[in-house]
Amino acid sequence: MDEQSNQRKEQPFAIERILDANLDRAREGLRIVEEWCRFGLNDTQLAEKCKQMRQEIASWHSSELRLARDTLEDVGTGLSHPQEETRSSVEQILQANLCRTQEAMRVLEEYGKLYKSGMGEAFKQMRYQVYIMESTLLTSRRRQQLKDTRLYLVTSPCEQLFSIVEAALKGGLTLVQYRDKNTDDIVRLANAQKLRQLCRDYGALFIMNDRVDLALAVDADGVHLGQQDLPIAVARQILGPQRIIGRSTTNPQEMEQAIAQGADYIGVGPVYETPTKAGKAAAGLEYVRHAVKHAPIPWFAIGGINLFNVKDVIDAGAERVAVVRAIMQAEDPTRVTQVFLSQLMKK
Ligand SMILES: Cc1ncc(COP(=O)(O)OP(=O)(O)O)c(N)n1
Ligand SMILES: Cc1nc(C(=O)O)sc1CCOP(=O)(O)O
Ligand SMILES: [Mg+2]
């Protein structure tokens, strides 16, 4: 048989084989997600949802479909995507497997219509449920990582921007904000893209300072907004519920407002006067003590914090700190990050 006629010839049980392969694919993808919900997030509700869906998928996997399987003849067996080998974070694994599950369900929806009444509709409904789960999962994963973060690096413009950030990530940093007030947008966009990727490679969150548009453009985990930046409600409308929104606060009233407006975290400072934010009066350790009592969301003490005074900030009650110069100007950013983290983890 020549190659052309081979391509055109419809194989026996083609529909059954498509359904068989995609039922397996959808179940496998869900299983991988389920394991993270159960052991990684300790979220029994989400884990149970995955399990229910796997059981529903299994109920469509009849012996007739299994019998149609012919692995040796399947030209797709053994094909793998190069990215499968390079996933470097749980987020990437989850996203790849949710995507794989959704694709398989879309195939089951279309070909299922030709096979059994109700199958197309059943997989359409399940696919929507997976979309909702994706949104919930991503949101809770980001929020959990934010909660677990103790040290936040806010960058300042410099030639070694990427190597410093990478060095800090190597030291265990889990949250980076790209802050660059005076660069052309075209450069800012490229830098943000590169930092975003770097953070992804190390499993860290990436936040864009000031700019909601750039946050979206580079698929940042969120944005940081000061009192003079966009209102939180407007940013939320643009960014949706999944992304993190941080707000700077300098006094109890700003803190109360930021919390009421739905900020995911707040900056609390400046604890000490700092040339990085020249002209802003220190709010002091008194304001840190106020945050301990009144901030129900994650908060970061910021402003003039370094390895010499961080103990005072911790003793005032801070569990999380944000720094610019202490890391950006450090001789050994990895080591400084490690020392900060060891101080902050003692609590
Ligand atoms: C974590 C964190 N806290 C506070 C700020 C300051 O934000 P803002 O007041 O908008 O000032 P600029 O950083 O935009 O100059 C921050 N960036 N990060
Ligand atoms: C960007 C920023 N915001 C602050 C605030 O209090 O809102 S203090 C600050 C700068 C912090 O820089 P450094 O760690 O070099 O002192
Ligand atoms: Mg700002």
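Here the Cβ of each residue, glycine as well, is placed from N, Cα and C on the backbone.
The following features are taken from TrEMBL:
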type	residues	note
REGION	1-129	region 'Unknown'
DOMAIN	17-135	domain 'ThiD2'
REGION	130-347	region 'Thiamine-phosphate synthase'
DOMAIN	151-327	domain 'Thiamine phosphate synthase/TenI'
BINDING	Q177, Y178, R179, D180, K181, N209, S248, K277	4-amino-2-methyl-5-(diphosphooxymethyl)pyrimidine binding site
BINDING	D210, D229	Mg(2+) binding site
Quick one: of the binding-site residues Y178, R179, D180, N209, flag those whose CB is under 6 Å from ligand 1, and say none if nothing qualifies. R179, N209
Spatially, which candidate from the binding-site residues Y178, R179, D180, K181, S248 is nearest to D229 (Mg(2+) binding site), comparing Cα atoms? S248
Greatest Cα separation in angstrom, residues Q177, Y178, R179, D180, K181, N209, S248, K277 binding 4-amino-2-methyl-5-(diphosphooxymethyl)pyrimidine per the record, works out to 16
Would you please pick out, from the binding-site residues R179, K181, the one with the fewest other Cβ atoms within 10 Å of its Cβ? K181
Result for ligand 3 contact check over binding-site residues Y178, R179, D180, D210, D229, K277 with Cβ cutoff under 6 A is D210, D229
Residues of the domain 'ThiD2' (17-135) by DSSP state, where helix covers H, G and I: 96 helix, 0 strand, 23 coil
Just how many other Cβ atoms lie inside 10 Å of the Cβ on S248 (4-amino-2-methyl-5-(diphosphooxymethyl)pyrimidine binding site)? 23
What mean pLDDT does the predicted model reach across the region 'Thiamine-phosphate synthase' (130-347)? 96
